[in-house]
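> Structure incoming, see below.
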Ligand SMILES: Nc1ncnc2c1ncn2[C@@H]1O[C@H](COP(=O)(O)OP(=O)(O)OP(=O)(O)O)[C@@H](O)[C@H]1O
Ligand SMILES: [Mg+2]
C-alpha cells in the first residue's frame, strides 16, 4: 500500500508535470502568434477607421479655408463640433494643422494651448507629398504617454496641400482589448491544465498505476517465498506484455523452487536410510543386543553403508561442481578402447556373479579421442555399471566404438527390459530411479546426470535407444583424433 502511494505520487506527478509543461508551452506559442496577429489586425482596423473619419473631417477643412473671411467663424464652430464628435467616437485626440504645421483646431479644450504652435513639422514634409505619416511613441511635452500617431494629409482635387489631420491615441487605449484576449487565452490554458490533470489522473490510474502496483504486490509476495502467486492482467499493451513476462518468470522460479525442494528432500532421504541402519547396527553392538560372533557380519554391512554414503556424497559434490562450472576439464588425447577394456576388467566380479556375456566390438584396435581421461573413465564406469545393474540374469552386454565423420560413437548395449516410454525423458534427472523398489538399495539416481553433465561440458551428446525385444543402448559421441 505504501509503495502504491509512492508509485502513484511519483508517476502521477511526473506525468502531470510533463503534460503541464507541454500544455503551457503550446499555449505560450499560440498566445504569441495570436497576439502578433491580433495586434496587426487591430492596428489595421484602426487605420481604416481613422482614414474613414478623416474623409468626414476633410470637408470642414476645405470649407474653412475656402470660405470668405466672415463665414469662417460659423464653419469653424461646425468643424470643432465635428472634431469633438469623431474624437469621442474613436477615442483619439484630433488636431488640425495648416500647411506650415501650425495647429488651428483641436478636438478637446484641454489642448487649446496647442493652437498656433508648430508641431509634427517633420511629418508634414512627408504628408505634403500625399503620404500618410505614422509613428508610435511620445512627442515632447504634448504627448507624454506612449501613443499611436496617425497623420493624414488634406489635399484637394487640384493637389493643393491644406495641411494635415493628426490623430493620436494612447497605446494603452489600443491595447486594452488585446489584454482581454491575453486574459482569455491564459484562463483557457489554466482550465486545460486542470482538466488534463483529471484526465491524466484517471487514465494513468487505470492503465498504468494500478497495474504496476498489482505486479509489484505479486513480486513482493514471490520474493517472500510465495512462488505460486501470479499477476492477473489481460490488457493488450506493454503492461500486459510485462505481466505476461512476469508470470513466465514466476513460472520458472516456481520450477526452480520445486526442483530445489525435491533435491533437498531426495538428498536427506538418501542420507537418512544408511545413517539409520549404521546407527542401529552400531547401537546393537554397543548394547550387546547383537551377539559377539555376529559383530563382524553387521560391521561389514555398516562398512558397505558407509561406502555407499561416501559415494553419494562424492557424486553430489561432483554434480554440483560440474553444474557450477568449477570443473576444469583437462583435455588429453588417449585411446578410448583401452579405457573400455580397463573399465570392464574392474567389473569382473559382478560380471561373473551375474553370469553375463560381455563383449567389445571395435572398428579399430586403437581409437584415439580428445577429452578429460578421468572424467571419461567416470562416464564409462557409470554406463557399464548401469548395464550390469539392469541386464537380465545371464544376459548380454556389448560395448562398441565406431567412427562417424569427425566423431567416435561409443555405445553400451545390455539385453533385458526396455526403459518405459514415460521414464525416457526423466532418466537424466537427479535422483530419478524408474523402478524404485528394486533399485532402492543399490542406487541413488545420480549416475546418468553426472554422465550427461560431463559429456555436455565436453560439447558432446548422449542419448538412449530402446531396441524392441532385445535391450537398451546408451550412445555418446567423442571427438576423434586421426
Ligand atoms: N542400461 C539400463 N537399462 C535400463 N534402465 C536403465 C539403464 N540405465 C539407466 N536406467 C534407468 O535410468 C535410471 C537412472 O539411472 P542412473 O544411472 O542415473 O541411476 P541409478 O543407476 O539408478 O543410480 P546410480 O547410478 O546413482 O547408482 C535408473 O534408475 C534406471 O531406471
Ligand atoms: Mg547408474
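Placed from the backbone N, Cα and C atoms, the Cβ positions cover glycine too.
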> Under TrEMBL, which of the candidate ranges 124-143, 144-163, 164-183, 184-203 is annotated transmembrane segment?
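My reading of TrEMBL: the transmembrane segment range is 184-203.
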> Six or more residues beyond either end and a Cβ under 8 Å away: which residues meet both conditions relative to the transmembrane segment (184-203)?
12, 15-16, 19-20, 23-24, 27, 30-31, 34
> Going along the chain, which residues at least six beyond the ends of the transmembrane segment (16-38) come within the CB cut-off of under 8 Å?
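Hits for the transmembrane segment (16-38): 178, 181-182, 185-186, 188-189, 192-193, 196-197, 200-201.
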